[in-house]
Amino acid sequence: MMKVLVVFALLVTLISYSSSEGIDDLEADELLSLMANEQTRKECIPKHHECTSNKHGCCRGNFFKYKCQCTTVVTQDGEQTERCFCGTPPHHKAAELMVGFGKKIFG
């Protein structure tokens, strides 16, 4: 039984060593992907800023991506225009509140 465990441990060690070289290549690809995501994150629209022209470009909040929320504004001339801003929807606010409350209770 001891021989089987030793052989198994050697096989696991060899497999993990050989796969670690492949993981290094994956880590380089992931790093490039993360750098690209960081660039798009810099170009996103922050909370409470106008998103009328780019309704899918809102940034991420603490837990969720902000949503472009639109309202119809009537000017003094009676002209209706749509104005949009990035914000947190009510159901996301409730979820963030519950998570914050849970963190306070459970540490």
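Each residue, glycine too, has its Cβ placed from N, Cα and C.
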According to Swiss-Prot, the disulfide-paired cysteine of C51 among C59, C68: C68
Bond partner of C86 - disulfide, per Swiss-Prot - picked from C58, C59: C58
Residues satisfying Cβ distance under 8 Å from C44 (disulfide bond), sequence separation of at least 6: G57, C58, C59, R60
Secondary-structure category, per DSSP, in which C59 (disulfide bond) falls: coil
Those residues of the chain, 6+ apart, with a Cβ under 8 Å from that of C70 (disulfide bond): T52, K55, E82, R83, C84
